[in-house]
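One structure is given below, encoded as structure tokens.
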Amino acid sequence: MEAQRAKWKVNMYAWLLLLPSLIFLLLFTFYPVLQTIILSFHQADLGSPEPFFNGVDNYKLMLEDDVFWKVLSNNIWFALGTVPTSTALALGMALFANKVLRGKGFVRTAYFYPTIVPMIAVANIWLFIYTPEYGALSHVMEWFGKGDMNWLGDQTYVMWAMIFMVIWKEAGYFMIFYLAGLQNISQELYESAAMEGASSWTVFRRVTFPLLMPTTMFVSIIAFTNSFKLVDHLVIMTKGGPDNASNLLLYYIYETAFSFWDQGMASALTIVMVVLLLAVAAIQFFSLDKKIHYN
Amino acid sequence: MIRRITGAGMFGLAVLWMFPLLWALWTSFRPREHATSWSFSLDFTFDNYAKVWDAAPFAQYYLNTFLIVIGVLMAQIITATLAAYAFAKLRFWGRDVLFILFLVQIMVPADILIFPNYNVLRDLSLLDTKIGIMLPYFASAFGVFLLRQTFKTIPHELEEAARMEGCNWFQILWRVYVPLARPTYIAFGLVSVSYHWNNFMWPLIITNSVENRPLTVGLAIFAQSFETGAQWAEVSAATMMVIFPLLLAFLMFQRQFINSFIHSGGK
């Protein structure tokens, strides 16, 4: 009886401690997602003052919408362009920043500082870099006789310009995870490798890289999620243009919801986004050892 | 030899990485007519900063950002500390399910729920308020996980000893757990502050007035009020003003900053 009461007390106590977080979690994560699922089966746009049920029409329209496929494929290219490159670059940065003797502070600072610069400020600065004729890149390209390239105005180049900017912005952040990973590798492994006369390439291939594998997986998941979350720069730089060449899924949701005021469609698009991110999370959860990061 | 070349290459990369910041800084001090040219001269001026300060209510934006960042951080620390203690030290009914519910917030962050959360705020009549900008971030699953990790490493004997001396649960939390988790609080604080200082999309959608707009939104509106490149120097100055406080803090506490990120990221 006494034990029962103590147990009940701990239960109540724990739930009370969790209550403040739970309220906000329910109000701003679970309830909105639920509402969005419901709204995605309704027609709710400027033409229908009172939302009405229209089944899977929004999803059907979405699948027929060329712009939807465009932004989805853009987003996949954007991910392919940023995830492997910034991860690999981050590893290189960490390896270098870890052992460089002179200028360690400068190197780390230079690599890392873009992390704390707001994306919107980044967009302003890079807009000036990419501007034709007057921009920094144009000044450099002029030496090669190609100073008139309009990086953001051209459908083929605009995505490359964005990808490069994002690599610049986030590689230094990922470097931090690798620096942390490197600290966890036992020094003895390197000593015994040195005793056996292994070349530095062999040491990297056989010791450093395999042992950093959990970090690599973790970083690539964050990088992938980021490629769907980062859209602030589009507001300043291209507004998704030219002709949706740089448009991304989240920015398209923003346009659909707040420029076209098609709430049903914005809901359907949001659900696609949520499912996509949850699928990635599920891959992470089931296929990788979750122990490393959450235990 | 190869090592030399890669070393030089990585230094070159560091210089390249610095370029955008240094260039914006340089441009922000240039007289307007020289802003777009690369001809070298030693004309510098503070005019751009003065003009920007007069042209847009940046003082108000600074205040708004400051209030939002501090408000979010305080609320997060309180909610996360309580939840982290429960997850780390108590066995209770529904723990595993709740833990997964918290995990979902990391996978589906508020950033992508801009449209649904706009509707929630509208229903609460909190559009265009500072509290509305802050509310969705008051619970931080990331903070909960970070603190739970740290609390788990604190031996149970310390808690027992404090209880023997007659501390109640709040005193135990406040006097034993919080001080011992200080590095984690600093790490989380830095991540949270830089995140909310930089946040843009959400406040852009829900704010509509100078009284509530944070710096990032103010900067975007200022930058977009020009069509041509003629005001580069001024936009650069405004950009530097937004970046500067965080950058200064970073340069002053560089080691702690990076170590904190290593600390929080390594977990």
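Using the three backbone atoms N, Cα and C, a Cβ is placed for every residue, glycine included.
All TrEMBL annotations are machine predictions without curation.
Listed in TrEMBL:
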TRANSMEM  B:7-26  transmembrane segment
TRANSMEM  B:61-85  transmembrane segment
DOMAIN    B:62-253  domain 'ABC transmembrane type-1'
TRANSMEM  B:97-119  transmembrane segment
TRANSMEM  B:131-151  transmembrane segment
TRANSMEM  B:172-195  transmembrane segment
TRANSMEM  B:235-253  transmembrane segment
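Take the transmembrane segment (B:7-26) and the stretches B:97-119, B:131-151, B:172-195, B:235-253: counting Cβ pairs under 8 Å, B:235-253 has the most. Touching of the transmembrane segment (B:61-85) and the transmembrane segment (B:131-151) is concluded from the presence of at least three CB pairs under 8 A, sequence neighbours closer than 6 excluded. Within the chain carrying the transmembrane segment (B:131-151), a Cβ under 8 angstroms from the stretch's Cβ atoms is held by residues 68, 71-72, 75-77, 79-81, 83-85, 87-89, 102-106, 110, 113, 117, 121, 124, 177, 180-181, 183-185, 187-188, 191-192, 196, 202-203, 206-207, 212, 214, 264, 267, all 6 or more beyond its ends. Away from its own ends, the transmembrane segment (B:172-195) comes close to residues 69, 72-73, 76-77, 80-82, 85, 140, 142-143, 146-147, 149-151, 154, 158-159, 162-163, 246, 256-257, 260-261, 263-264 of its chain (Cβ-Cβ under 8 Å, at least six residues beyond either end).
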